[in-house]
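Scroll down for the structure; my scribbles are underneath it.
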Amino acid sequence: MKVRQAIPVTAELGDTSKLARFDGEVVCEPPNNKLDKFGGTLYWKENKYPLSNQNMLLRGCVLRNTEWCFGLVIFAGPDTKLMQNSGRTKFKRTSIDRLMNTLVLWIFGFLVCMGVILAIGNAIWEHEVGVCFQIYLPWDEGVHSAFFSGFLSFWSYIIILNTVVPISLYVSVEVIRLGHSYFINWDKKMYCAKRRTPAEARTTTLNEELGQVEYIFSDKTGTLTQNIMVFSKCSVNGHSYGDVQDVLGHKAELGERPEPVSFSFNPLADPRFQFWDPSLLEAVKLGDPHVHEFFRLLSLCHTVMSEEKSEGELLYKAQSPDEGALVTAARNFGFVFRFRTPKTITVHELGQAITYQLLAILDFNNIRKRMSVIVRCPEGKIRLYCKGADTILLERLHPVSQDLTSITADHLNEYAAEGLRTLVLAYKDLEESYYRDWSERLRWAGSASEAREDRLARLYDEVEHDMMLLGATAIEDKLQQGVPETIAILTLANIKIWVLTGDKQETAVNIGYSCKMLTDDMTEVFVVTGHTVLEVREELRKAREKMMDASRSVGNGFSYEEKLSSSKLTSVLEAIAGEYALVINGHSLAHALEADMEVEFLETACACKAVICCRVTPLQKAQVVELVKKYKKGVTLAIGDGANDVNMIKTAHIGVGISGQEGIQAVLASDYSFSQFKFLQRLLLVHGRWSYLRMCKFLCYFFYKNFAFTMVHFWFGFFCGFSAQTVYDQYFITLYNIVYTSLPVLAMGVFDQDVPEQRSMEYPKLYEPGQLNLLFNKREFFICIAQGIYTSVLMFFIPYGVFADATRDDGAQLADYQSFAVTVATSLVIVVSVQIGLDTGFWTAINHFFIWGSLAAYFAILFTMHSDGLFRMFPNQFRFVGNAQNTLAQPTVWLTIALTTVVCIMPVVAFRFLKLDLKPELSDTVRYTQLVRKKQKTQHRCVRRAGRVGSRRSGYAFSHQEGFGELIMSGKNMRLSSLALSSFASRPSTSWIETLWKKKGSEGSGAGSPSGTADKTLKV
């Protein structure tokens, strides 16, 4: 939420009569896309007034805490900042879509080639043979030569063979995708009961690509974390509070903690607040002056608004959850912020109401990284209270605080090592004369028309020096439930996870450890912090050299230069031994993304198991995603929860929005949405993998059945004088793709699965075939085509050979055109039905009904079309009365159909049997072990992570925005909107083939012992 307010001179124009007399003129900058800056001047009543971004409402924003406002339109239409920032909407298509388009073009070319071959055959046949039969087989009117007859035959065969081009394929694909989308929407295991939010597939075109993701780009705050801040620890006057110790003086673990501190003495305490160290409350009760001053600062130095619905029932409305957590902590420890006016703040200190005069608010911004208030105490003393980042405040302290600063810095290191977000607190007493002089200069700077921000910043900087250190706070931004487990499982699925966050490097690194992206087992964590192009290039080079040196030490035996000369970026990935991580700052990333260095950065990053980009802008997030898309050719997925993640979500192949604390901008721009990060595991490993598997099996079978059906016409052309005569009757040709074979393949495409969902989650390596695009590619396409052509050859020539000398039971000749057509058609329907039965891995009642129902429908329609009743109704359309009954009554015909089916299907069965026995896939092994271990319980071993020594890292916690202080001091009332880390089972990561043979060779053996722990070093 951002603060916007009118300038004082126009703030009183709320009355429409006064507004009608307004005749000011605004001169401002030209239209641009900078959302955080605006410069202009209002000329009115012979005066000029400066306008800044704080006075602007952007198009698309929503009013909060106010019912209405009047405004003057500065930019409209495409000139607005919103439209200036909007890029082209990118139409997302899957790799299978692009491959399908290419294959359809190839098939069309194949159709033309068949037409040309048969047309040439027709011309030759008419020239050599047909010319001799002109007396009773004359050419059609207008045909005067064999060449022209061949030309007409070409177009006839294009029409007859057009069924080889899968026109209905696209409709069927969309129906299947729609079904997959509904499965995602209906998944109760992806439903968040707390927020009453189900998962939602906002598009139906990307489902199968969910099973091919190689890179995940994730925001941190609100995506990996809950964006709910909890006051966890603090340091006051060199003493650290918040660690609970047992009777032996050791730090108690989470499960061993006693009951939380009771705040029953305080009737205004927030019952939801919990703190575990009773010594801090004892210090408050004993009257420790430093502790009292510590909480007094927290109760005064903020921009929180208080609403008292009933006596003693306080509701704090904070601009950021960080600030709300700090004020709530002060409230529970007896320093209760009750209410404020533009010039006063009332605090109940241990039950006594004390009102402080609010003299000034030195507001927060991203450059200052601190905020201060100047208050006059009841005894008349003027005091400045300040809180901010340690890197900023520690250098502004009075030299007398040096010893305390050293102790507090150690505490900050400990807090940051635990992934906590820290703030430093300090105060300063001001002389009355100095404050008067400074206040007058502040008033003049605030009314300046030029360089207003710079002048105010210099005055703020002047007064915020030589402060006395009070202590530090540590806030926990709790991880969402299941984040470590989800990241661990996705990593085992060979998915690389990059975190792109606007937080500080230290905070991001600590969260990386908390969610198991970074571990103590890693060989090294590289941190790139260079401020120039040369520094960044050198740090990246050193990181690559270290990784390559480690690879040489284990005997890979190649030179680094040879690897760099390779055109494939995967060369370094193949060479690296050990696990590495890369952490890069935003200013360094800006250089790394330049055209001459982006390949070096990407190669280094891709060689690492984890990548964390800190202090990045929304544009840089999108640039990182685009870089991976450009060079790696892998499927990317971006996930975030805020408006700053929209660019990244739109740029990635797949965008996922988290409906969290930061609104629904990310959800509206996403392709899929849900409420918790942990659901991503199920979305990819279950729904994504199944969608990819189903789509690939559907496509393979679809191409197979079309070629098996159509190629029979091609072979028949060589035996009918290339006359464009069809084998099947016209009704069978019409109904084949619509009735006889459409529903079974749709059922397989919608419902099929190779292993149950539990096994998909338990064996992440099952996800790899999608990443490698193994189930449907050009090779698989040609295999399906070859199988279809093979089937068509047998489908035509076996009945043709049998019918050459076969006779009926009465001794009459069996061979006639209609009997042959019925035999071939029946063989075709039975063969393709048996084939889809073999392809179906998961049988449902719907599959049974569609497959056997399609066969029954074929015979019902066949006998109906050859019935006497239909002939009497339409004598010109159904002339062959009783042909089907007579043909299928012959044992020879059924033997022919059985022989054709066996010869077509047996090679497929034999091949699959041998493959399953000699070279099984991981899914085959999983199904086998599932049958063997049906009654065995899976045992999980938990490996406890060793303690980690934290280096000097701050975790600055203050997601605040500038403007609230000015609004409070202006006197205008405002109403603000209100605002566990789980242990995970360590699983060893083995290759797909290793896992396959281990599970095949030993049913009862475990997955292997955990790998040895390597020393982790942090390179800065």
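One-based numbering along the chain as shown.
Cβ atoms here come from the backbone N, Cα and C positions, even for glycine.
Curation does not apply to TrEMBL; its annotations are automatic.
Sequence-distant contacts of the transmembrane segment (103-125) (same chain, at least 6 residues past either end, Cβ-Cβ under 8 Å): 146-147, 149-151, 153-155, 157-158, 161-162, 164-166, 169, 703, 714, 717-718, 721-724, 778, 781. Feature annotation from TrEMBL assigns transmembrane segment to 103-125 (among others).
Residues 100, 104, 107-108, 110-112, 114-116, 118-124, 126-127, 130-131, 139, 699, 702-703, 706-707, 709-711, 713-714, 717, 722-724, 726, 733, 736-738, 742 of the same chain lie 6+ residues outside the transmembrane segment (145-171) yet bring a C-beta within less than 8 angstroms of a C-beta in it. Feature annotation from TrEMBL assigns transmembrane segment to 145-171 (among others).
According to TrEMBL, the Mg(2+) binding site annotation covers D219, T221, D641, D645.
Non-local neighbourhood of D219 (Mg(2+) binding site): V499, L500, T501, K621, I639, G640, D641, G642, N644, D645, M648, each in the same chain, at least six residues away, with C-beta under 8 Å from its C-beta. Among the features that TrEMBL reports, active site, 4-aspartylphosphate intermediate is placed at D219.
As annotated by TrEMBL, ATP binding site applies to D219, K220, T221, E323, F364, K387, R421, T501, G502, D503, R615, K621, N644, D645.
The feature domain 'P-type ATPase C-terminal' is assigned by TrEMBL to 667-920.
The transmembrane segment annotation in TrEMBL covers 698-719 (among others). Remote same-chain partners of the transmembrane segment (698-719), defined as residues 6 or more beyond its termini with a Cβ less than 8 Å from a stretch Cβ, comprise 96, 100, 103, 114, 118, 121, 157, 160-161, 163-164, 166, 169, 172-173, 176, 725-728, 736-737, 741, 745-746, 748-749, 776, 780-781, 783-785, 787-789, 791-793, 795-797, 800, 824, 828, 831-832, 835-836, 839.
Among the features that TrEMBL reports, transmembrane segment is placed at 731-751 (among others). Outside the transmembrane segment (731-751) by six or more residues, the chain places 163, 168, 172, 175-176, 179-180, 694-695, 697-698, 701-702, 705-706, 709, 821, 825, 828-829, 832-833, 836, 839-840, 842, 844, 846-847, 850-851, 853-854, 857-858, 861, 865 with a CB less than 8 A from a CB of the stretch.
Residues or ranges marked as transmembrane segment by TrEMBL: 781-800 (among others).
Counting same-chain residues at least six beyond the ends of the transmembrane segment (820-838), those with a Cβ under 8 angstroms from any Cβ of the stretch are 701, 704-705, 708-709, 712, 727-729, 732, 736, 740-741, 744-745, 748, 791, 795-796, 798-800, 803, 851, 854-855, 858, 862, 883-884, 887-888, 893, 896-897, 900-901, 904-905, 908-909, 912. Here TrEMBL flags 820-838 (among others) as transmembrane segment.
Taken from TrEMBL, the feature transmembrane segment covers 845-865 (among others). Within the chain carrying the transmembrane segment (845-865), a Cβ under 8 angstroms from the stretch's Cβ atoms is held by residues 729, 731, 735, 739-741, 743-744, 746-748, 751, 822, 825-826, 829-830, 833, 836-837, 878, 884-885, all 6 or more beyond its ends.
Taken from TrEMBL, the feature transmembrane segment applies to 893-914 (among others).
Feature annotation from TrEMBL assigns region 'Disordered' to 1000-1020.
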Query: Across all protein chains in the structure, which of the binding-site residues R421, R615 has the highest Cβ count within 10 Å?
result: R421
Message: Can you give me the average pLDDT across the domain 'P-type ATPase C-terminal' (667-920), rounded to a whole number?
response: 91
Query: Within 10 Å of the Cβ of N644 (ATP binding site), how many other Cβ atoms can be counted across all chains shown?
result: 21
Query: Who are the chain neighbours of the transmembrane segment (781-800) in space, where the CB to CB distance is under 8 Å and they lie at least 6 residues beyond its ends?
result: 103, 700-701, 703-712, 714-716, 719, 727, 820, 823-824, 827-828, 831, 896, 899-900, 903-904, 907-908
- request: Could you check which of the binding-site residues (F364, R421, G502, R615) sits closest to T221 (Mg(2+) binding site), going Cα to Cα?
  value: G502
Query: For G502 (ATP binding site), which residues of its chain lie six or more apart in sequence with Cβ-Cβ distance below 8 Å?
result: T221, G586, C614, R615, V616, T617, N644
- prompt: Once the chains shown are all counted, how many other Cβ atoms turn up within 10 Å of the Cβ of D645 (Mg(2+) binding site)?
  reply: 31
